[in-house]
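*Asks:* What follows is a structure written as structure tokens; I'll ask about it next.
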Amino acid sequence: MTQGSPDPQAGDGGRVTPIGTRRTSVADLQQEIERLTAALQQAEQRRREAERTLFDVARLAAADAADLRARLAEAQAGLTAAPEAPADPGPQETAEVTAAAATPPVTPRRGGRARRIRRVVLAAGLTAGLLACVDGVLTIFWQEPLTALMQSRSQSSLRSDLGRLQQTFAAAPRLQRESDARRMVRQATTLLEHPRPAGSALGSIDIPRIGLKTVFVEATDHDALTKGPGHYKGTVLPGMTGTVGLAGHRTTYGAPFRHVDNLPPGTRIDIRMPYGRFVYRVTGTQITTPDDAASLRSQAGLHRLVLTACHPLYSAAKRIVVTARQVYAAPA
């Protein structure tokens, strides 16, 4: 659907909302409440699952530690109770032993330092094992925590960067008799012909169904995707005729596209650019090979959005491709 086409749910009672018109109706507020409620329920469910799993892991680790301590104590007790038998002494050695018998015995501290070292090594091993288990569980049920922290810091900087970019576009002069639609296309074309540096903020994507709201960046190289979803170079930008391509991680660096396999046809996707807002509706999902670029090709007269990610989770053997069609556009 071309830009300027109304979103079927954007107006009150089914009325069309043209480009440039902003309304806040009861229906809009109700839809926002439903979106936030659904996102909150999903977040709470993931939190409860992670808490239950971490409790089980901690309990098993504690049991293993107790068993290892008991076995270590048993081995140490056996070593103390069974000293090595001395060899048969000769006549000279017998005399030396008799002379030494008059000296009060001194009880040495057997292996005290060695035992302390063993305890430290055992504790360090148990701690490392527990942390590895926790990291693995969080990766399976949520996302990889260390890279998630790195991505969260990057997103904070990207939001500020995107805000400055929006101010730049808002201050740009408007051409005489230029419609909203033409202005958006002109600004999108300018941004495409003069691309931002790789890893720089480009826009934001919001998918209420899976609780995703994040800034995406220019380029899809490794460094760019550590910050957030990335825009495929060679694809158009929202507002232009053609295919907009975005890629993202599913298990690391915030895992923004972790749940893109849960986007049935009709799911709403909001894209905000410095020059406008665009609404898409999912049309389908397919699984392809990593080198299949056919899904990113533009189709004549269509305004499409394509999301790609590795598939299945924890593997790069395949690619999941979600396609969507633009149904609404409005200036920023």
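Any Cβ shown, glycine's included, is placed from N, Cα and C.
This is the feature table in TrEMBL:
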| type | residues | note |
| --- | --- | --- |
| REGION | 1-23 | region 'Disordered' |
| COILED | 26-60 | coiled coil |
| REGION | 80-111 | region 'Disordered' |
| COMPBIAS | 93-104 | compositional bias 'Low complexity' |
| TRANSMEM | 120-142 | transmembrane segment |
| ACT_SITE | H249 | active site, proton donor/acceptor |
| ACT_SITE | C310 | active site, acyl-thioester intermediate |
*Asks:* Within its own chain, what residues at least 6 apart in sequence put their Cβ under 8 Å from the Cβ of H249 (active site, proton donor/acceptor), listed in sequence order?
*Replies:* L225, A255, P256, F257, R258, A309, C310
*Asks:* Measure the Cβ-based neighbour count of C310 (active site, acyl-thioester intermediate), defined as the other Cβ atoms within 10 Å of its Cβ.
*Replies:* 19
*Asks:* So what's the mean pLDDT when you look at the coiled coil (26-60)?
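*Replies:* In the predicted model, the coiled coil (26-60) has a mean pLDDT of 69.
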